[in-house]
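S.K.: Just dropping this structure here.
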Amino acid sequence: MLSINTTRKENELSGNLGKMKITEENKPKKVLGEITNFQRSTQKTPLKQEIKPVVKKSQQVEPLLADNPRRFVVLPIQYHDIWKMYKKAEASFWTAEEVDLSKDMAHWESLKKEEKHFISHVLAFFAASDGIVNENLVERFSKEVQVTEARCFYGFQIAMENIHSEMYSLLIDTYIKDPQERDFLFNAIETMPCVKEKADWAMRWINDDSSSYAERVVAFAAVEGIFFSGSFASIFWLKKRGIMPGLTFSNELISRDEGLHCDFACLMFSHLVNKPSQERIHQIIDEAVKIEQVFLTEALPCRLIGMNCDLMRQYIEFVADRLLLELKCDKLYNKENPFDFMEHISLEGKTNFFEKRVGEYQKMGVMSGGNTGDSHAFTLDADF
C-alpha cells in the first residue's frame with residue numbers, strides 16, 4: 001500500500017514538473033548560461049545578407065541615367081533636342097583624306113625654329129588629347145547614359161575624335177622628318193610635362209568614382225572648351241599670315257566639331273535634375289583655366305609665334321566665361337575677347353560649301369529631316 005502511494009506521488013510530481021514554466025528564477029544556471037551565450041553570439045554575428053551595389057541617390061532620380069529597356073531602339077524619339085544635336089554632328093562628317101597638305105611643307109620649311117617648336121608641341125597635345133576624350137566616352141559616359149539619342153551622339157563623337165587624332169598624327173608625320181623627334185611628339189603624355197599635366201587632370205576625372213556624372217560633364221566640357229581654346233586660337237593666328245593651309249583648314253573643321261561637342265555637354269547638363277552648386281562649377285572651370293594659362297604662357301609660350309601671352313591669358317578667361325554662361329552660371333572673370341580675329345571665326349562658318357567645304361560643310365541632305373523630302377525622290381523627269 002505504501003509503495004503504491006509513493007509511486008502515485010512520484011507520477012504526480014513528474015507531471016507537475018512537466019507543466020511548469022521555466023522562469024529566470026527557476027531556470028537552471030547551466031541552461032541560462034548557454035541561452036545567454038547563444039543570444040550574445042547571434043548579436044555579434046548576424047546572418048549574412050546579400051550585398052547590393054550602392055547606387056547614389058542622385059543617379060536614382062536622373063532620367064538620363066535611369067535604366068532604359070528601350071535604349072536599343074531609336075524610334076520613337078524622346079529627346080528631340082538631343083536627337084537634333086546628333087543629326088547636326090552626323091551632317092558634319094569629314095575624313096582626314098579630304099585635307100590637302102601638299103602646300104604645307106614649303107611653308108613649314110620657311111618657319112622659324114621657335115615657330116616649328118610651338119606648332120609641333122601643340123599638335124602633340126592635340127594628338128594625345130582626343131584619345132583621352134574617347135577614353136572617357138567609352139569607359140564612362142556611354143555606359144552611364146541610358147538615353148538612346150545621347151548614346152547615338154556619343155557613338156558618333158567617338159568616330160570624329162578618332163578622325164581628329166588621325167589628322168593630328170598625319171600633320172606631325174608630314175612636318176617632322178626626324179624619327180626620334182616624331183616619336184617624342186607621338187608620346188607627348190609621357191615625354192612632355194606640360195602635356196602630361198593636362199592629360200593627368202582629364203584622366204583624374206575619368207577614374208574618379210566619387211564624382212557625379214554632372215561634375216564630370218562639366219569637367220569634360222572644360223577639356224574640349226578650354227583646354228583646346230588657346231591652341232585653336234594660336235593656329236588661327238597663323239592663318240592671318242596666309243600660311244599652312246592644310247593645318248589651318250583642318251583646324252577650322254576640328255574647332256567646329258569641338259564646339260559642337262562642348263555645346264552637347266552643356267545640353268546634357270541642362271537635362272540633369274541634380275546639378276552641382278555654382279561654386280563647385282566655378283572651381284572645376286577655374287582649375288582648367290589655370291592649367292591652360294600655364295600651358296600657353298609659360299610651358300609653351302605663345303610668344304614663340306608672335307602672340308601676346310597676357311592677351312592669351314585673357315582670351316582663355318573669356319572663353320571660360322562663355323562656357324559658364326552656357327552652363328547657366330555667373331561669369332567668373334568678366335573679360336572681353338582680346339583677339340579680334342577670333343570674332344570673325346564662327347564655329348559654323350560663313351564660307352560657301354562649294355568653295356571650300358569648311359564651316360558649313362555637311363553631308364548633303366542629312367539636316368533636311370530624313371529621307372522623306374522630295375529632293376531625294378527618284379524620278380524620270382530630269383533632262384538628259
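FYI, residue positions are counted from 1 along the chain as it appears here.
Cβ from N, Cα, C; glycine included.
Because the structure is a prediction, the values reported are computed rather than measured.
Grabbed the feature section from Swiss-Prot, which reads as follows:
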type     : residues               : note
ACT_SITE : Y168                   : active site
BINDING  : D130, E161, H164       : Fe cation 1 binding site
BINDING  : E161, E224, E258, H261 : Fe cation 2 binding site
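Set these features in their place in the structure for me.
M.R.: Taken residue by residue with DSSP, Y168 (active site) is part of a helix.
Taking all protein chains in view, 23 other C-beta atoms sit within 10 angstroms of the C-beta of H164 (Fe cation 1 binding site).
The number of other CB atoms found within 10 A of the CB of H261 (Fe cation 2 binding site), across every protein chain shown, is 24.
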S.K.: Taking only same-chain residues 6+ apart in sequence, whose CB is under 8 Å from that of E258 (Fe cation 2 binding site), what do you get?
M.R.: H164, E224, G225, F228, F232
